[in-house]
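Novice: So that we are looking at the same thing, I have put the structure below in structure tokens.
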Amino acid sequence: MSTIIALVLLAAVLGFAVARPRGLPEAVAAVPAALLCITLGLVSFTEAVHEVRELLPTVLFLAAVLVLAYLAEKHGVFEYAGAAVARFGRGRPKRLLTAVFAAAALTTAVLSLDATVVLLTPVVLTVAARAGVRPRPHVYACTHLANSASLLLPVSNLTNLLAFAASGLNFAGFAALMAVPWLAVVAVEYVIFRFFFARDLVGQAEAPPPPGPAPKYALAVLAATLAGFAALQPFGVDPAWVAAAGAIGLAIPLLRRRAVGAGTLLAEANPAFCAFVLALGVVVLAVRSNGLGDWIDGLVPRHADLLGLLAVAGLAAILANLLNNLPATLVLLPAAAHSPGLLMAVLIGVNVGPNLTYVGSLATLLWRRILHARDAAPRTSEFLLLGLATVPVCLVAAVVALWAGLRVGGI
Amino acid sequence: MNVLVWVREGVWPAAVDAARELAGVDDAVTLVHVVDPAIAAGAQGAYAGLLGRGGWSPRGRTDPGAAVTAAETGAEEALMAAAGERLGRDAAPVFRRGRVEREVVEACAGMDLLVVARDGDVRRAGPKSLGPASRYVVDHAPCRVLLVWP
């Protein structure tokens, strides 16, 4: 009975998050559901507090990265990136696609997938349209790489942050393990995009003017923050502090010029989202500790051999498409926490998998189909086809690269 | 004679040049450009996939779909202005939203001639020099079609 209640609560939280009635934040359903889990005794109060305290540093880290990305935009980093992409593209669609891939993969890796989806995509559309090329492949590249290029660093995706906290790896170790899978995925996506959109990548437009001056200060702060993540962790400095320091470094000149206010920064840290993640953690804990945990642990292979890694990545990709990748990560992490290899395979699944249903999960896809029944609908079939063409190959390529890395590294 | 010119990204200058040479003083020239809303919808879908990010924001951060739509509109206006200037004579601009090839065919209603530039792989002659969109337009246009190399 308690299993059913926990599952109903999880379904309600996810359903609300997908439907977003009246545009209310997702936390509106998630926080009461978490409290209900405690009241009904599905999780004890101490367990819930323990879960929240485990997740809190990760969530604060995420908030710092969200603010960092927002401030980078205010400093003109994305505008500059767009101009540099246009310059490299020289009005040729294929060169432009190459540049967009580089920009999207780097933005996702350093400033998280949110930055690519929200901040880079509109810039790329403008660049492609101004260059006079058909923008479809370039915009789709952004939406795809936001997911699949989020393997490299712990900051690239919230799923990575969650696994990073559970893995016991350090920042540099995580990046070293994921570098080759990341490159493999980006390379596979690139080759498939070139074929898939071959007929859109034609024509020639005029070369754009050179980009304006680079936002040197912001780029320097971002580079220092990135170096600080890896360099300071051996000295016991948590990466979350480095991210916060980077955000403060970017904020100071803007606050002085009154270009941003403290209230805006707080809003950009998205406290409602942070509350949602913490509450979701408690609800997922209730689902796991009421019978489903053992069942899921039984599904996850014990050993990080090639077949085991492939199976975990596949399972994670399926769950990510059924539930969305955030709950899928929370559900699978404890089952894979005993092995860094399996954890990384979970990440490959939950990060690359969502491209199959480009809106993150089947539920979101169906909901959007209903919403868009009357007005302009996204070309769902085209996205699904692109997902089918890329996701399985990317998953296998990344897992094989991870497996080779594990063998070489002796982990 | 009513002449319709399809302003297509990457290949439009050839179509505009052909129309300029062809159209006499008594002819009316119309320029048509189509934006496919599916691109913005794709960007919006990617945002919808970010579970939990729809938090309350006092600035009302719009989702990237709206930003992409705005960028498309801006770029379209610039493109049509450039096309109008290259044409060097009065022309009625027509902005349409939908599947590119179908909108162009619908825009042909009441026209006598449609000027199309090949939008495929034009490095060699053959069927591939027509992309899927211009292939459809050439096959379905209800008026005479002038096909030019870009």
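Easy rule for this one: first residue shown is 1, then count along the chain.
Every residue gets a Cβ built from N, Cα and C, even glycine.
According to TrEMBL, the record shows the following:
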DOMAIN    A:24-338  domain 'Citrate transporter-like'
TRANSMEM  A:29-48  transmembrane segment
TRANSMEM  A:55-72  transmembrane segment
TRANSMEM  A:96-127  transmembrane segment
TRANSMEM  A:171-193  transmembrane segment
TRANSMEM  A:267-286  transmembrane segment
TRANSMEM  A:306-323  transmembrane segment
TRANSMEM  A:330-350  transmembrane segment
TRANSMEM  A:383-406  transmembrane segment
Novice: Output the single range from A:55-72, A:96-127, A:306-323, A:383-406 maximising the number of Cβ pairs under 8 Å to the transmembrane segment (A:171-193).
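Specialist: Answer, by Cβ pair count: A:383-406.
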Novice: Which whole-number mean pLDDT does the model give the domain 'Citrate transporter-like' (A:24-338)?
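Specialist: Averaging the confidence scores along the domain 'Citrate transporter-like' (A:24-338) gives 90.
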Novice: Taking the transmembrane segment (A:29-48) as the first stretch and the transmembrane segment (A:267-286) as the second, find out whether 3 or more Cβ pairs fall under 8 Å, excluding pairs closer than 6 in sequence.
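Specialist: Checked: the transmembrane segment (A:29-48) vs the transmembrane segment (A:267-286), in contact.
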